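K.L.:
The annotation domain 'Major facilitator superfamily (MFS) profile' is assigned in TrEMBL to 8-425. Residues or ranges marked as transmembrane segment by TrEMBL: 12-31, 43-64, 76-91, 97-119, 131-154, 160-181, 218-242, 254-277, 284-302, 308-330, 351-368, 404-421. Per TrEMBL, the feature region 'Disordered' maps to 431-464.
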Amino acid sequence: RQGIGEPSVYHAVVVIFLEFFAWGLLTTPMLTVLHQTFPHHTFLMNGLIHGVKGLLSFLSAPLIGALSDVWGRKSFLLLTVFFTCAPIPLMKISPWWYFAVISMSGVFAVTFSVIFAYVADITQEHERSTAYGLVSATFAASLVTSPAIGAYLSQAYGDTLVVVLASGVALLDIGFILLAVPESLPEEMRPVSWGAPISWEQADPFASLRKVGQDSTVLLICITVFLSYLPEAGQYSSFFLYLRQVIGFSSETVAAFIGVVGILSILAQTVVLGILMRSIGNKNTILLGLGFQILQLAWYGFGSQPWMMWAAGAVAAMSSITFPAISAMVSRNADPDQQGVVQGMITGIRGLCNGLGPALYGFVFYLFHVELNEMAEVETLGKASKPNMANPTDESSIIPGPPFLFGACSVLLSLLVALFIPEHNLALRSGSHKKHSNGAQAHAHSPQAGGLDGKEPLLEDSSV
């Protein structure tokens, strides 16, 4: 094998950590560059950029997943990480090219899809919940310190050093994949040549969605993912700015907030999630996570004091168990040679949300007259003075965060849909994925298929 040692979960963990650590460093510089490049309607432009990226991710994820099922994971890990991190050095070279390449990088911004399939290749069913929890916790860990480090270096030495450091971390990740990551897909599951035909029907995202609609269980799961992740994606795009501009957090306090919530998320997705999956089951864990998410978003929407944001952040950490439990239900029912397609489908839905969520939040903030042009004022005002709440008749004094309340309603609908997901959905394995068994599957004969039928719930997560 190429790489160091046998393929393991730790290879996947390092790849994820380095990629998102690099992007975490850019949290503060990116906000500055975004405002400087688009001084007017900044939230709307941010939504448009992420909208294009999300749409392209949605279109490409099933194809990349299907190709990795046939040709192996390593080459596609290299491809996705390279193109996802390609925009980083352009931040200081040309901001316009930076945002343009970010939009176009959506074609390959599906690293989690390939990582999940990589982990599925090398773990048994009873081990996978722990493995996916580790990947999920690693993502959270990569964001615990990197925004704070990036903010400190930006303030002390300027944005250029931060961009150089982030570019170096991204190159380190690419080098690690090239030199250290072994291929996880067994040789006998790959075709003899790279010219082997692929089922384009399997790679078509809309065909996949149409097939999803033919199975009620898959349809319910996908609707649950869409309705719960749509507000989460929008929240990621605007929440740090919201803390500074509406609540009055300083840059240092925002960095501390990210760190504390990240640590709590790690604990939730490792210790708490494992206990819940064993004690109350897969479906009840999903419902509990959605309940925490509703509470978190409602608290963000109505909260107007810093302590409320800290309390809601603790609830947000508990809500991070939702998607791992949902992914567990999906992956449990996927055949070994279909893991890439399944994860590509789910990642595609989340990619679509990554486009729609920021655009939706940006539009709602715009309707309520929250813009970045007040950012300079916020830096000079005391914490007790909140520019958007100065006028007691202003609607923002009643509802400081309207998009978060909209998100809470969306997650409430998700919770109602999740109630109808069957507890034992064996039809998903015997029915839905049989429909996908053409093209690529003809070249992906799995020697493990017979040994993995008695599967327990597993766990996986993507917080991107």
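First residue shown is number 1, and so on along the chain.
Backbone N, Cα and C define each Cβ position, glycine as well.
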K.L.:
Quick check for me: are there 3+ Cβ pairs below 8 Å between the transmembrane segment (308-330) and the transmembrane segment (218-242), leaving out pairs under 6 residues apart?
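P.N.:
The transmembrane segment (218-242) and the transmembrane segment (308-330): touching, yes.
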K.L.:
Per the definition of 3+ C-beta pairs under 8 A with sequence separation of 6 or more, do the transmembrane segment (131-154) and the transmembrane segment (351-368) touch?
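P.N.:
No; fewer than 3 Cβ pairs under 8 Å.
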K.L.:
May I ask which of the stretches 43-64, 76-91, 160-181, 218-242 has the most CB pairs under 8 A with the transmembrane segment (404-421)?
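P.N.:
Going through each listed stretch, the top one turns out to be 218-242.
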K.L.:
Is the transmembrane segment (97-119) packed against any residues at least 6 beyond its ends, judged by a Cβ distance under 8 Å, and which are they?
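P.N.:
Answer is 7, 9, 11-12, 15-16, 19, 33-34, 37, 49, 52-57, 59-61, 64-65, 68-69, 73, 76-77, 79-84, 86-87, 90-91, 128, 131-132, 135, 184, 327, 331, 339-340, 343-344, 346-348, 351, 355, 460, 462, 464.
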K.L.:
With a Cβ cut-off under 8 Å, give me the same-chain residues at least six positions beyond the ends of the transmembrane segment (351-368) that come close to it.
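P.N.:
Same-chain contacts beyond the ends: 41, 43-44, 46-48, 50-58, 61, 106, 109-110, 226, 229-238, 395-396, 402-403, 406, 464.
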K.L.:
How about long-range neighbours of the transmembrane segment (284-302): same chain, 6 or more residues beyond its ends, C-beta under 8 Å?
P.N.:
224, 228, 231-232, 235, 239, 242, 273, 276-277, 308-309, 311-312, 315-316, 318-323, 325-326, 329, 399-405, 407-408, 411-412, 414-415, 418-419, 421
K.L.:
Looking at the stretches 12-31, 43-64, 160-181, which one shares the most CB pairs under 8 Å with the transmembrane segment (218-242)?
P.N.:
43-64
K.L.:
Roughly where does the domain 'Major facilitator superfamily (MFS) profile' (8-425) sit in mean pLDDT, to the nearest integer?
P.N.:
78
K.L.:
Counting only residues 6+ away from its ends, which parts of the chain sit with a Cβ under 8 Å from the transmembrane segment (76-91)?
P.N.:
15, 19, 22-23, 26, 29-30, 33, 64, 67-68, 97-99, 101-102, 105, 107-111, 113-115, 118, 159, 163-164, 166-167, 170, 173-174, 177-178, 181
